[in-house]
Structure formats: C-alpha cells, structure tokens
C-alpha cells in the first residue's frame, strides 16, 4: 500500500515536486494532525470551565499538552531512526486521536491531564516526523517550495478548524460531537501513514559527526556548504533556532493580548478588528512562507530573507504597541498584523531551511526536532513572560508588544552577527590551509596518531577560505 521508494538520484530527476511518491499523503497527514489539534485547542479549556472546573485546570491542560509535545520532540529523531517515518506517524496519530474520546467521560483533573500528556506526545512526534519526511521525499531543488507548501497546509488547517470546534459545540449544545470529530480527523493521519514510502532517516556514522551529507543538487536551497566534522549541533542550529524562538514569543503574546488590546483602543469595533487582524496575520503568514520557499529555491540558498523578515516582524510589534499607546485607529492593527504575519511566515521557512542546510542529511529528523522545539517553546515562553509583563505594567498592552519587539530584537541581532561573521568564517574542514595548520600543531605535540587523524579530512580537499563567500553563478 505504501508508495515506492526513490533514491536521491531518481528524486532529483523529477521535474515537479508533486510527482514525489508520498508527498500528497504526507501533506494530508499534516493537515489532519494540525486539524485535530486546532479543533480541540479552544474547546477543551472551555469545556472544563463549563463543567465547573477552575481556570487553573483549564490553563494546566494547555501547559501540560505543550510540555509533553516539546519533551517528545526531543526523542522523536531517535524513534524515527528506529521505526521509520511511516510507523512513527501511524502510532503518533493513534496517540493524538484515540485519547480524545475519553473526554466524553468528564473533566476530572486526573483524566484531563492524562489525556493532555498522551495527545501531546502524539502531536509532538507527528510534527517532527512530518516536516522531516518532507525533506526526505522531495527533490532538493524543490525543498524551499515544499517547506512553503507545508506551511500552507498547516495554516489552512488551523484557519478551518480553530473556530469550527466552538461553532459545533454552540450549535449542538454538546462537546461530544467535537470530541468524536477531533478523534476521526487525527486518525486520518494514521491512515495516510500507510501510503507513505517506508523510509528511515539515514543512520549516523559516528559520534564525531562525520556523516555523509550527500551531494547537493545545483539550483537547490540545499547547495550551501554543510559543516561536516566535529561541529557541535547547537552551534549549527543556534541562529535559526533563536530567530524562530524569539519571533514565536511575539506570537504567544499576540494570541493572548491582541483582542483585549483592540477593545481598549476601540470599545465598539475592537473585537471585530482583533478577529480580522488574527485572520490577516494567519493569511500573511501562509502566503509569505510559501513565496519565501520559492525564493530560496530560485536563489539556491537558505537564509537570505531571514534578516528582512525579522525586521518586518519587529516593525509589526512596534506598530501594535504604538497604536495602543497613543490611542490611534484600531484598524491600523491590520497593517501591523500584515507586517508581523509576513515576517513570521518567512522566518518559519528560512529557519527550517537553514537547519536542513547546516545539518548533515542523516540528521534531517534532528533539524525538524530543533525547529519544532524552538517554535513551541518560544510560543509557550512568550505567553508566560509577556503575561508577567502585562501584570506588572501600568499600561499592559503597549508594554506587552514593546517587550515582545525587544525579545525579537535579540534574534535579529543574532542573525545580523551570524551574517557578518559568516562572510569571514574559516572552514576547518575541506580547507587545505586550516588542515595544514592543525597538522603542524599535531606534529609539535609529537603525536603521530593525531597528525594522521588530522590529515585524513584533507584527502581530496579543495582550498576554501570561507564557508559562505561563494562566487555568484
């Protein structure tokens, strides 16, 4: 039932990413995972409150769910390597879908939190496996576009299902139909896993990190030089992780405080403006993430748009703060939402592509895990920190958005420094001059074994004084 597996050479000969076996089922599985998540995200806390539960339990459900999600994401690459992507997605879909039915039996704290843990585990594993699988399935020359399409699938799913759960509960007068629908939607992802090629992440070849990074295809966003040996993973992903984490912190604040901020500015139409602004933000996020992927493929490089995107997000947050602080027209929040949504969408795509480019191909699952953990932890930390800012400030909402802009500025500064330093960074491997320097140091220490070990990477080396300064074709 699974699609046939193509090797990398066969994939790269495809003239369209849509011809890649398993891509469409994977995208359907992505929509199912985020559909099952977003359908119930606003419903469960509301059901707890309606059933007499406290706000602390309602908040704890979301917190426990996200904690289980992030913790599971740390181990998902190992699971994918052992079981394969398809089996990981199948089992994760069951974890996300089946426990949902248990909500029918009540909102007791122990039951609710147990369900949150199980569903969080399923959601965490699904998000990592699906985005990593996209990179394995499509030709490298279409990786940027595929990442953009992934963002569109997520965005459309959230756009459809976020309001749907509350609408169904309101129309039927019961949450039971929502629970059943949430379970069914999530289980669709498990069914789609049966149509995905049976592939696993490539096994690691040693602790030193000397993994086979494969041969990038000319004209792809993956043609940037990849670090190859003895480079700590955190160093490779730190900048894109910081970028997505800091801009996601702002999203956590917007999700929680945009609606009351809009009502403070305009008591009459504030609620309408807030709803429209969130929709505009989501739409801009989808559209700009997609076109950022196409641009990355066209330029054969990831990360070009990272700094402009962070600046756009920074402007959007400052505009939100200014509108509320100076009591300007609430409709200006729509303009701010466009700036922030555009930046947020582009950063999502650029950060993921940078992680794919900087990590070896046998660590695609790790790249996906780092991206998802950075995104989810940024959203959660942002909600917590910005909530504390709102509680302490005299003017809560301007302070929240201004502080979110300051947090985003940290990611922007990191990206700028990375761009500047990257232009002058010396590659320690595949660099004759650096290899000879290290070889001389080993000889001085009178350790022949060390000299042989240092010299080995110089085989077939090409003198390359910088990692990123390549001549434009």
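Each Cβ is built from the backbone N, Cα and C atoms, and glycine gets one as well.
Remember, TrEMBL labels are computer predictions, not curated facts.
For reference, TrEMBL has these:
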- 1-423: domain 'Major facilitator superfamily (MFS) profile' (DOMAIN)
- 20-40: transmembrane segment (TRANSMEM)
- 52-71: transmembrane segment (TRANSMEM)
- 83-105: transmembrane segment (TRANSMEM)
- 111-135: transmembrane segment (TRANSMEM)
- 147-169: transmembrane segment (TRANSMEM)
- 175-196: transmembrane segment (TRANSMEM)
- 204-225: region 'Disordered' (REGION)
- 236-259: transmembrane segment (TRANSMEM)
- 271-292: transmembrane segment (TRANSMEM)
- 304-325: transmembrane segment (TRANSMEM)
- 331-357: transmembrane segment (TRANSMEM)
- 369-393: transmembrane segment (TRANSMEM)
- 399-417: transmembrane segment (TRANSMEM)
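Spatially, the transmembrane segment (236-259) is adjacent to the transmembrane segment (271-292); three or more Cβ-Cβ distances between them are under 8 Å for residues at least 6 apart in sequence. With respect to Cβ pairs under 8 Å, the transmembrane segment (399-417) is most closely packed against 369-393, considering the stretches 83-105, 111-135, 147-169, 331-357, 369-393. Using a Cβ-Cβ cut-off under 8 Å and counting only residues 6 or more beyond its ends in the same chain, the transmembrane segment (147-169) has close neighbours at 17, 27, 30-32, 34-36, 38-43, 46-47, 130-131, 134-135, 175, 177-178, 181-182, 185, 279, 282-283, 285-286, 289-294, 296, 345, 348-349, 352-353. For the transmembrane segment (111-135), same-chain residues at least 6 beyond its ends with a Cβ under 8 Å from one of its own Cβ atoms are 22-23, 26, 29-30, 33, 37, 44, 48, 53, 57, 60-62, 64-73, 76-77, 79-80, 85, 88-89, 91-97, 99-100, 102-103, 105, 143, 146-147, 150, 186, 189, 196, 199, 201, 352, 356, 364-365, 367-369, 371-372.
Among the listed stretches 175-196, 304-325, 331-357, the one sharing the most Cβ pairs under 8 Å with the transmembrane segment (271-292) is 331-357. Among the listed stretches 20-40, 175-196, 304-325, 331-357, the one sharing the most Cβ pairs under 8 Å with the transmembrane segment (369-393) is 331-357.
Looking at which of 83-105, 304-325, 331-357 has the most CB pairs under 8 Å to the transmembrane segment (20-40), the answer is the stretch 83-105.
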